[in-house]
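*Asks:* There's a structure below that I have some questions on.
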């Protein structure tokens with residue numbers, strides 16, 4: 001367990017006490033923007049799924065689970081970072097080990113469940129598209145789905161004893177405990193990334209090589225759509241657009257997770273990376289919590305229709321009266 005002096009050192013999660021006031025204000029504003037946009041988008045997705053019965057599918061259940069976890073980051077953790085960035089470095093709030101542990105708990109819980117939800121969504125779509133319908137229906141019964149979601153939260157509680165080590169990565173000379181914590185973090189994210197890529201690349205291969213499953217290229221069961229489906233585009237164009245969507249999702253996910261992996265591996269095998277690089281890697285990972293709702297809903301026509309039905313409509317300008325009419 002780190003002592004109080006190590007807790008007051010620079011935090012790799014974003015706020016670097018030696019930074020200028022202008023840099024700290026900019027970072028605080030960035031966190032504020034991510035907090036507001038991420039909170040609104042995650043709440044909107046959760047509201048739409050609970051409000052529209054036809055959106056209550058198994059895949060969307062895992063998406064809602066990820067949104068709930070992302071709210072722990074966007075609605076609870078990010079606002080604190082935004083406020084703390086405006087406080088003087090010698091503030092008593094910044095030196096409290098218990099408060100830092102609480103912030104670490106919110107961040108660790110949210111990110112762990114969010115990453116697990118990414119994997120659950122990917123595996124659900126992989127089974128839906130590449131396996132027989134009977135296999136999908138047997139695996140994703142309601143009780144099985146609930147167990148998967150509960151397990152994601154239970155597993156998120158396991159790294160709690162490691163949170164102090166995560167918070168002191170880069171804040172003190174490397175020791176055995178912090179180095180192995182960095183290695184464990186890197187291996188966990190790498191393993192999750194490998195499984196996720198296996199699922200999505202398997203989907204791409206299946207989609208590109210089979211025309212029989214073109215009806216599920218948007219990753220949704222068509223009989224569960226809440227609105228009439230639009231006429232499908234040509235099969236070749238549909239396969240191409242679906243593959244691009246999957247690859248784009250994978251690229252965004254890799255951009256958000258891999259910098260932290262390599263920073264952690266660098267700490268274990270060589271030496272700690274510069275604090276600014278560590279902060280940037282954590283910021284990229286945390287920004288996924290604000291982007292996740294868009295990643296999973298921007299191509300979904302039923303989500304767009306549901307959102308348009310609940311958002312206030314802006315009426316166009318009134319038509320000019322005809323000549324001779326009152």
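Placement of Cβ uses the backbone N, Cα and C atoms for every residue, glycine included.
Okay, so TrEMBL annotates it like this:
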DOMAIN    41-296  domain 'G-protein coupled receptors family 1 profile'
TRANSMEM  25-50  transmembrane segment
TRANSMEM  62-80  transmembrane segment
TRANSMEM  100-123  transmembrane segment
TRANSMEM  144-162  transmembrane segment
TRANSMEM  182-203  transmembrane segment
TRANSMEM  244-270  transmembrane segment
TRANSMEM  276-298  transmembrane segment
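Context for these features, please: burial, neighbours, distances.
*Replies:* Panel annotation: around the transmembrane segment (100-123), residues 7, 11, 13, 59, 62-63, 65-66, 68-73, 76-77, 80-81, 148-149, 152-153, 155-157, 159-160, 163-164, 166-167, 189, 192, 195-196, 199-200, 253, 257, 285-286, 288-289, 292, 296 of the same chain, lying at least six beyond its termini, place a Cβ under 8 Å from a Cβ of the stretch.
Tertiary neighbourhood of the transmembrane segment (182-203): same-chain residues 115-116, 118-119, 122-123, 125-126, 129-130, 162, 165-166, 169, 246-247, 249-250, 253-254, 257-258, 260-262, 264-265, 267-268, selected by CB-CB distance under 8 Å and a gap of 6+ residues from either end.
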